[in-house]
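> One structure follows; several queries about it will come next.
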Amino acid sequence: MTARIIDGKAFAQDVRARVAEHVARIKEANGITPGLAVVLVGDDPASEVYVRSKGKATVEAGMNSYEHRLPADTPESELLALIRRLNEDPAVHGILVQLPLPSHLDSNLVINTIDPAKDVDGFHISNVGLLGTGQKAMVPCTPLGCLMLLRDLHGSLAGMEAVVVGRSNIVGKPMAQLLLGDSCTVTIAHSRTRDLPDVCRRGDILVAAVGRPEMIPGDWIKPGATVIDVGINRIERDGKKRLVGDVDFESAAKVAGAITPVPGGVGPMTIACLLANTLTACCRAHGLREPEGLTA
Ligand SMILES: NC(=O)C1=CN([C@@H]2O[C@H](COP(=O)(O)OP(=O)(O)OC[C@H]3O[C@@H](n4cnc5c(N)ncnc54)[C@H](OP(=O)(O)O)[C@@H]3O)[C@@H](O)[C@H]2O)C=CC1
Ligand SMILES: Nc1nc(=O)c2c([nH]1)NC[C@@H]1CN(c3ccc(C(=O)N[C@@H](CCC(=O)O)C(=O)O)cc3)C=[N+]21
């Protein structure tokens, strides 16, 4: 079998076009322009690239982008003061603080200082709690993007066995919550899981969010399964810099029914969902009708 390759880039383009259309409509009808503030502390080159592409995508969707770059040694009090100002700013509907933060900053405190209604990453404890109890929340972008791809492919996910490898607060745990919300039977695996290959082989859906280049080979995958590869790993091979996932694409594509590539899979969906969440936050702030099919 050769797996169908899930075109995350094309799907993300479609999401972005739908966001842009809705943005244009509320600008026209209500005179409101959604705004996203991105805060970057320090000058990590990978984060730089990522923040720039977010800013570009935001403007392309017709929204306002506000970038705040702070030096790596910014005192915590200053960062918190900036967040409080953004919380109060009516032009800002979404706030994203790029992670990871320099080690002298308490990222839990920083995230929990963001107004939950503006927390477009969905990392604030109240959004985590709302998601976990099946209430309306801001949903983390990467898991939301994965869910959109899965729903598009399968329609209903009810009753499917889903295995999520990785239990981080930003990917693994919220992904598991969303799959549970769609009535999958969910297993969360991690570095202390016994017999990981066998656990992975249970999954009709296998989500890999580990951060280890090409760790999951084809023979860990149930034949015909849908594989969602969240991993973004920069490696060097044959003297060339390359981006690879957590799944060994070549062997996995021979076994899986469908698989996301890296790049061009989950990554572009993350940015598209960030735009969707900013629009959703704006609509909720102003009591406007929310976009359809762009939330969990
Ligand atoms: N495409 C996108 O948009 C995004 C991609 N990413 C990428 O996704 C990957 C995961 O990110 P993130 O969740 O932040 O990473 P974290 O490092 O926070 O979490 C990694 C998880 O993988 C588990 N793990 C590590 N080693 C193993 C192992 N050998 N076997 C089984 N489980 C293991 C860890 O287990 P334990 O808890 O026991 O330590 C942990 O739960 C990274 O490559 C990251 O770059 C992240 C965000 C967005
Ligand atoms: N507060 C916060 N929220 C995040 O959502 C967040 C974060 N911090 N820190 C870093 C991670 C990582 N992340 C990615 C998003 C898009 C791509 C992406 O678009 N990837 C392209 C390739 C890009 C390239 O070529 O480098 C692709 O997979 O096709 C990758 C990684 C979001 N993160």
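Including glycine, each Cβ sits where the backbone N, Cα and C put it.
Sharing the record's features from TrEMBL:
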type	residues	note
BINDING	G166, R167, S168, I232	NADP(+) binding site
DOMAIN	6-121	domain 'Tetrahydrofolate dehydrogenase/cyclohydrolase catalytic'
DOMAIN	140-284	domain 'Tetrahydrofolate dehydrogenase/cyclohydrolase NAD(P)-binding'
> Checking the spread of the NADP(+) site as listed (G166, R167, S168, I232): what is the longest Cα-Cα distance, in whole Å?
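The widest Cα-Cα gap among those binding residues is 16 Å.
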> Summarise the domain 'Tetrahydrofolate dehydrogenase/cyclohydrolase catalytic' (6-121) as counts of helix, strand and coil residues per DSSP.
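Secondary-structure composition of the domain 'Tetrahydrofolate dehydrogenase/cyclohydrolase catalytic' (6-121): 62 helix, 19 strand, 35 coil.
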> Any idea what the model's mean pLDDT is for the domain 'Tetrahydrofolate dehydrogenase/cyclohydrolase catalytic' (6-121)?
97
> Helix, strand, coil: count each for the residues of the domain 'Tetrahydrofolate dehydrogenase/cyclohydrolase NAD(P)-binding' (140-284), based on DSSP.
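DSSP classes over the domain 'Tetrahydrofolate dehydrogenase/cyclohydrolase NAD(P)-binding' (140-284) add up to 56 helix, 32 strand, 57 coil.
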> Under 6 Å from ligand 2 by C-beta, which of these binding-site residues make it: G166, R167, S168, I232? Sequence order, please.
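Listed by sequence, the hits are I232.
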> Mind giving me a neighbour count for S168 (NADP(+) binding site)? Other Cβ atoms within 10 Å of its Cβ, every protein chain shown.
15
